[in-house]
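Novice: Here it is, the structure, as structure tokens.
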Amino acid sequence: MESNSKSLSLAPALNLFPNLKPPHKTLLFHKICVLIITFLAYASFHASRKPPSIVKSVLGPTVPTNSTLDSGWPPFNGTRGTHRLGEVDLAFLTSYSIGMYLAGHVGDRIDLRLFLVFGMIGSGFCTILFGLGYWFDVHVLGFFVGVQIVCGVFQSIGWPCVVAVVGNWLGESKRGLIMGIWNSHTSVGNIIGSVIASGVLEFGWGWSFVVPGVLIIFVGVLVFLFLVANPVDIGFASPGIEIEMSVETDSAEDLQKVESEEAKLIDPDSSISNSSSAIGFLEAWKIPGVAPFAFCLFFSKFVAYTFLYWLPFYIRHTAVAGVNLSHKTAGLLSTIFDIGGVLGGITAGFISDMIEARAVTSILFLFLSIPALLLYRAFGSISMFTNITLMFLSGFLVNGPYSLITTAVAADLGTQGFSGGNSRALATVTAIIDGTGSVGAALGPLLAGYVSTRGWNSVFLMLVSSIFFAGLFLIQVARTEIREKLSGK
């Protein structure tokens with residue numbers, strides 16, 4: 001019965017191609033494969049989330065151009081159109097944030113590969129269904145809200161799963177840098193989604209949803225075939241055990257610990273009840289550092305998702321060098337923010353590894369992003385060069401801590417204090433941190449839709465205030481990090 005269970009949990013491609021299994025392929029080979037597959041998986045999640053921001057300027061209130069007047073799409077093209085668009089974003093992000101808590105709890109208890117595939121296929125069909133509203137001439141707000149609610153639930157499955165899988169395979173060494181590079185999937189997915197949605201927008205806004213929807217379903221099939229969720233599934237030891245055994249033993253207690261880990265390698269089932277038991281939801285909240293980073297991420301994602309959902313609309317409605325840009329150009333130009341985010345996430349991860357202080361690194365990026373956003377609002381419309389430069393800088397600084405907290409920090413907190421680096425709590429901790437952040441992500445785009453009717457200066461003031469509060473939540477954690485450094489711990 002146990003062998004049948006293991007057979008079902010193993011990726012089908014490994015049964016079809018036995019040469020992919022050890023000893024034919026090394027642990028390093030499989031780690032790289034896992035990083036690539038999970039990268040593609042979450043990039044496709046974000047690519048399928050991008051269409052709503054790209055089509056906002058088509059669906060929403062009219063804006064005069066040099067030669068035409070956009071007609072919009074009812075019910076989003078009236079005087080309260082931005083409110084309606086914000087409500088659709090809220091529907092998605094609210095169900096996403098609620099689903100995140102549940103997905104993390106479930107993800108620690110079932111097959112991560114199958115759960116991830118379930119989320120990808122469901123997300124793909126919901127994205128396609130939203131786009132079909134174009135051909136079926138749907139103008140009912142309830143339809144779009146309902147589809148986004150269901151889509152948010154499916155999308156919430158992705159993040160806890162991919163972080164838990166990567167946490168299963170990677171030890172703590174250079175985790176910030178590695179996961180900073182890996183987490184660029186968020187920005188890469190946004191870029192791919194923007195390019196695809198903008199590229200097919202001229203054929204009808206429905207295509208901007210259908211193509212990314214098909215993309216995530218296709219990647220979901222690849223995940224089903226090739227992803228190995230845990231190194232133990234194919235006979236490797238967990239990275240936590242490897243790290244523990246590599247530490248030089250100077251005492252009888254250390255030697256006893258290593259012998260214990262060796263026993264676990266010989267009889268893996270003997271440690272299931274301890275190191276592989278899932279942690280409770282409330283217990284996970286009590287882990288030191290989880291709450292401060294979760295609330296910091298609330299305000300960080302408040303800002304990041306406001307840009308994700310409203311930046312193309314803002315560019316479209318703000319003249320650059322006196323010229324209103326087209327829908328396609330505005331969508332493509334918004335990818336500069338995500339390109340900056342890729343480098344920002346990698347840089348934040350590298351710095352945090354180098355100084356071994358996640359909170360200090362996050363605060364540095366957060367407080368530097370405040371003048372960057374103010375400069376972008378004040379001078380971004382002067383010329384295309386200043387717009388691109390300041391948008392890149394804003395993305396670099398805003399996405400740096402967002403990337404760091406959702407990956408390396410969540411992985412650190414999810415495995416701390418557990419025997420052998422156990423990551424069975426990782427999906428739950430990740431869900432708590434990113435789920436709390438997603439509540440902020442839901443509020444940001446909604447409030448931007450309402451506040452923008454008072455002028456974009458008010459929106460940027462709201463964003464700057466949010467970043468300030470994000471930094472405040474990490475001050476105590478940063479003090480602890482600095483104190484430990486000064487005491488030589």
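One-based numbering along the chain as shown.
Using N, Cα and C of the backbone, Cβ positions are placed for all residues, glycine too.
Copied straight from TrEMBL:
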- 36-483: domain 'Major facilitator superfamily (MFS) profile' (DOMAIN)
- 27-45: transmembrane segment (TRANSMEM)
- 114-136: transmembrane segment (TRANSMEM)
- 142-170: transmembrane segment (TRANSMEM)
- 182-201: transmembrane segment (TRANSMEM)
- 207-229: transmembrane segment (TRANSMEM)
- 290-311: transmembrane segment (TRANSMEM)
- 331-352: transmembrane segment (TRANSMEM)
- 359-379: transmembrane segment (TRANSMEM)
- 391-413: transmembrane segment (TRANSMEM)
- 425-447: transmembrane segment (TRANSMEM)
- 459-478: transmembrane segment (TRANSMEM)
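Show me how these features fit into the structure around them.
Specialist: If you look at the transmembrane segment (27-45), the same-chain residues 6 or more away from its ends with a CB under 8 A from one of its CBs are 116, 120, 123, 155, 158-159, 162, 165-166, 169-170, 178, 182, 185-186, 188-189, 192, 212, 215-216, 219-220, 222-223, 226-228, 231, 234, 236.
Proximity of distant same-chain residues to the transmembrane segment (142-170), defined by a Cβ-Cβ separation under 8 Å and at least 6 residues beyond the stretch ends, is recorded for 30-31, 34-35, 38, 41-42, 45, 48-49, 52, 87-89, 91-100, 102-104, 107-108, 112-113, 115-116, 118-120, 122-123, 126-127, 129-130, 133, 178-179, 182, 227, 229-231, 238-239, 406-407, 410-411, 414-415, 423, 426-428, 430-431, 434-435, 438.
For the transmembrane segment (182-201), same-chain residues at least 6 beyond its ends with a Cβ under 8 Å from one of its own Cβ atoms are 35, 38-40, 42-51, 53-55, 58, 166, 207-209, 211-212, 215, 308, 312, 327-328, 331-332, 334-335, 338-339, 341-342, 345-346, 349, 395, 399, 403, 406-407.
Within the chain, the transmembrane segment (207-229) has long-range Cβ neighbours (under 8 A, six or more residues past its boundaries) at 9-14, 30, 33-34, 37-38, 40-41, 44-45, 47-48, 50-51, 54-55, 111-114, 116-117, 120-121, 123-128, 130-132, 134, 164-165, 168, 192-193, 196-198, 200-201.
Long-range contacts of the transmembrane segment (290-311) within the same chain: residues 49-50, 52-53, 56, 89, 93, 190, 284, 334, 337, 359, 362, 366, 369, 394-395, 398-399, 401-402, 405-406, 409-410, 413, 429, 432-434, 436-445, 447-449, 452, 459, 463, 466-467, 469-471, 473-474, 476-477, each at least 6 residues beyond the stretch ends and with a Cβ under 8 Å from a Cβ of the stretch.
Residues 53-54, 176-181, 183-184, 186-188, 190-191, 194-195, 197-198, 201, 307, 311-312, 315, 325, 358, 360-362, 364-365, 387-388, 391-404, 407-408 of the same chain lie 6 or more positions beyond the ends of the transmembrane segment (331-352) yet place their CB under 8 Å from a CB of it.
A Cβ distance under 8 Å defines the sequence-distant neighbours of the transmembrane segment (459-478), meaning residues of its chain 6+ beyond its ends; these are 289, 292-293, 295-300, 302-303, 306, 310, 314, 357, 359-360, 362-363, 366-367, 369-370, 373-374, 377, 398, 401, 440, 444, 447-448, 451-452.
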Novice: Looking at the stretches 114-136, 359-379, 425-447, which one shares the most CB pairs under 8 Å with the transmembrane segment (391-413)?
Specialist: 359-379
Novice: Is the transmembrane segment (359-379) packed against any residues at least 6 beyond its ends, judged by a Cβ distance under 8 Å, and which are they?
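Specialist: Beyond its ends, the transmembrane segment (359-379) has Cβ neighbours at 292-293, 296, 300, 303, 344, 348, 351-352, 386-387, 390-391, 393-394, 397-398, 400-401, 404-405, 409, 456-457, 460, 463-464, 467-468, 470-471, 474-475, 477-478, 480-482.
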